[in-house]
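**Student:** Here it is, the structure in full.
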């Protein structure tokens, strides 16, 4: 595409040069050029005829496949412009689209690098935001690469539903990453100038990813429907076995996921967990900081690496990067092992970078730890824990802060028996996150503020993301309960256009306002959001006076609620057993 743009640009410069004087020599050259042009046109017509012959089927397939996307013109023109081999299937169109998207992402990466190197007068937060972009763009490249590999194996390597879930998760996360990059430039006017320089490229990639996601969703849902239709001829028993496998994943005869190593099985079966490294602030362990222990952990490991963090207060910011896979943080108990920080937006951080602990590497686990950010309500966004780790889980952990406490950024996540406390949007992000048996408490905010338990960030209707709160307790801390009439508290508000939050089988105290939910800004997203409640109890659970938005609905049956269980929403049957944590796959 770049050479084409350069050609058009040069042609436009030539055309607009009004000082051009056509001398007799120039006229002669033009005549010569016209003769050459006629010959070239004849040759090109023959070539085009060949391309048309080859691509007539491709044209029809491409047009049909792109019709399922949100941006069909972009879908068609992007792939059609590349020429290349003839397209014979929906899968080939998706692969071609993903390859083009990868090229665009690489272009954006170098654009950000150039801004960092050459733009003068950048503020510290702008530099931080640009580095956030490099991180999320790098993650996007990995996600697209894995998606293409998974597509090559489709549909034979694993079950259709597992293929579908994995592909949709990868591209959903890629879309989220583009928005995260731009969100880093939304704090003041100076930030927005840098944002403008990145906007076109980031939005282009987001739209390309959106198209790929729509095509993947269409292909996999069609294939699953066809499989189930063929499967109707099988016996009832076989049907049930197949359906069970789709929910529970590929398990061995002992009920463990097949990918789980023998060593990890022994680890999970044991009454005590053996640590590979120990952190102690008094010097009695292998390391005195958590960050040092993470740095020493192996990269891209298929084996669980357990870091025991002894009781103590660790004042540091810790990042478990994407290369640090299968890391487990094991504390001595909530309130005993505390990792604390105070980064915040008011003092110059981005929301993304403010996290005290950020877990990105796949299959991250944590138990018996307190994560906190002590910045306070006047410092605005200040994250205690940010999670972008796929197949991550947290057990008996505390997340304490004020605004934006728990950032469930992306991928599949699970929280059980955790305590989450905050004020504004204190559970937010665009992961597919399930919270079970957790205590979720709003606390007293600053004067004039309203408490919002959730702010879910789904930006595309085909993303398989959302926040599910099941069998939890939603209430307030003692300092809020004493003045609850002064500070309204709501279940959530829509951060992005297709925000999706489901609260079911939970106890909701009367700290929650009768209307339940709050708008973000005017009528934004009220028709497109998905807010659901099901079989909740408590003083704030009544739905008679809930909001009357088009996107809000009370679920009335188990069948309608089932897709939001851990078994289906995050494919928990295939991986939650490997955590060793308690969980429920169903209602």
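Yeah, the Cβs are placed from backbone N, Cα and C, and that goes for glycine too.
Features from Swiss-Prot:
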ACT_SITE  404  active site, proton donor
ACT_SITE  425  active site, nucleophile
BINDING   351, 381, 493, 495  substrate binding site
DISULFID  418-438  disulfide bond
CARBOHYD  99  N-linked glycosylation site
CARBOHYD  218  N-linked glycosylation site
SIGNAL    1-40  signal peptide
**Student:** Sorry to bug you, but what's the C-alpha spacing from residue 425 (active site, nucleophile) to the residue listed as 'active site, proton donor', rounded to the closest Å?
**Tutor:** 5
**Student:** Given the recorded positions 99, 218, 418, 425, 438, which lie close to residue 495 (substrate binding site), meaning Cα to Cα within 10 A?
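**Tutor:** Matched recorded positions: 425, sequence order.
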**Student:** Tell me the Cα distance separating residue 425 (active site, nucleophile) from residue 493 (substrate binding site), rounded to the nearest angstrom.
**Tutor:** 8
**Student:** List the same-chain residues at least 6 positions away in sequence whose Cβ sits under 8 Å from the Cβ of residue 381 (substrate binding site), in sequence order, or say none.
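**Tutor:** The answer is 344, 345, 351, 354, 403, 404.
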**Student:** Determine which residues of the same chain, besides 351, 381, 493, 495, have their CB within 8 A of the center of the CB atoms at the recorded substrate site, and list them by sequence.
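**Tutor:** Nearby residues not in the site list: 403, 404, 424, 425, 428, 455, 457.
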**Student:** For residue 381 (substrate binding site), what is the secondary structure by DSSP, using just helix, strand and coil?
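**Tutor:** The residue in question, residue 381 (substrate binding site), is strand (DSSP, three-state).
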**Student:** In sequence order, which residues at least six apart in the same chain have a CB under 8 Å from the CB of the residue listed as 'active site, nucleophile'?
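**Tutor:** Residues satisfying the criterion: 403, 404, 452, 454, 455, 493, 495.
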**Student:** Considering the recorded positions 99, 218, 351, which residue's Cβ sits among the greatest number of other Cβ atoms within 10 Å?
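**Tutor:** In terms of Cβ crowding, the pick is 351.
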**Student:** Could you measure between residue 99 (N-linked glycosylation site) and residue 418 (disulfide bond) for me? Cα positions, answer in whole angstrom.
**Tutor:** 40
**Student:** Calculate the distance in Å between the alpha carbons (Cα) of residue 218 (N-linked glycosylation site) and residue 418 (disulfide bond), and round it to a whole number.
**Tutor:** 36
**Student:** Of all the Cα pairs drawn from 351, 381, 493, 495, the residues the record ties to substrate, which distance is largest, in Å?
**Tutor:** 18
**Student:** In which DSSP state, out of helix, strand and coil, do we find residue 493 (substrate binding site)?
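**Tutor:** For residue 493 (substrate binding site) - judged by DSSP and reduced to three states - the answer is coil.
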**Student:** Using a Cβ cut-off under 8 Å and a sequence separation of 6 or more, which residues in the same chain sit near residue 418 (disulfide bond)?
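**Tutor:** Non-local contacts for residue 418 (disulfide bond): 394, 395, 396, 397, 398, 399, 435, 438, 439.
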**Student:** Near the Cβ of residue 493 (substrate binding site), how many other Cβ atoms are there if near means within 10 Å?
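**Tutor:** Taking all protein chains shown, residue 493 (substrate binding site) has 25 Cβ neighbours within 10 Å.
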